[in-house]
């Protein structure tokens, strides 16, 4: 006998409708992905040696009823039409400060109109202490923020670009590293894709923030990787690559030069790390073959992301090359170049993972095991769903 669908007492008609939609979505998900995908291990903690932090893995939580906020479904297009009247990042577009972007035909870089880091040439190069106290400390900062446009067409993302067009983006990243590495201690190339992660313009673009200080997370990872090599004589993340290629269960996609894995210690549901198979410490040190195959693996990974929930998959992404500036004079052989992708979606195009409560106060937890997340991504077609 079929059990009647029931709703919590006092649930409004609109919420009852949303609840019904959720139950149908959950049923579809469990049809696509067996129950074992969501319940494959006892709840436990995993250690992140890069940051010396723990994450809770609680796979049973992914099936809990959802009546919270949902995101807009973005199934059709990545951006909006390339019209300069509404898109300041398009060729000929007028930006908020009144400047007009040139009619570029490939990539384009400009200084961010609203920078978090600025470079005042009249200040002393060394940051001075504004407040010096055991409890209250403040320092001046210097840096630069730039916008990195990937392509003139606002409706494209890397999933729809050619390998040659993605190589042009990589060339732009490398040129920025070459230009800024002697002046700044950290050059952060990153991308926020999708409104859900705070992207203010869907035109295909990333950003660069370069600073005269080493930020919190890179500083921690500098210490842990250095200590690991001093202790073992080995390069931490190359040992990770070696192990992941042997066991395969967290590998999403690979080619002759690169591999993408869901890290053993991943926090976000479909978090991935892109790593070289041969040791390299910085993006501007890769050779032409590595660059060509980097374009290949980026495109393949992003297509799998889009195909997972058949949407323009949102994420935060960043490159982590070795520290620069004064660190160029130091031994950096313990560092490994990598890109990290941090997508917020959890179980559909409209249901995301929130970091809140216990996770902000104590430590993060994830709702699906890294092994199952990797399997779900690995099984996705490498032809984009809009092209099939």
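The backbone N, Cα and C atoms fix where each Cβ goes, and this holds for glycine too.
Pulled from TrEMBL, these are the features on record:
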- 40-215: domain 'Galactose-1-phosphate uridyl transferase N-terminal' (DOMAIN)
- 61-64, 96, 112-113, 192, 198-200, 207, 353-354, 358-359, 365: UDP-alpha-D-glucose binding site (BINDING)
- 67-102: region 'Disordered' (REGION)
- 205: active site, tele-UMP-histidine intermediate (ACT_SITE)
- 222-387: domain 'Galactose-1-phosphate uridyl transferase C-terminal' (DOMAIN)
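Cα of residue 359 (UDP-alpha-D-glucose binding site) to Cα of residue 205 (active site, tele-UMP-histidine intermediate): a distance of 30 Å.
In the three-state DSSP assignment, the secondary structure recorded for residue 113 (UDP-alpha-D-glucose binding site) is coil.
A straight line from the CA of the residue listed as 'active site, tele-UMP-histidine intermediate' to the CA of residue 199 (UDP-alpha-D-glucose binding site) spans 10 Å. If you take every residue in the domain 'Galactose-1-phosphate uridyl transferase C-terminal' (222-387) and average the pLDDT, you get 96.
Cβ packing within 10 Å was compared across the binding-site residues 113, 359, and the lowest neighbour count falls to 113.
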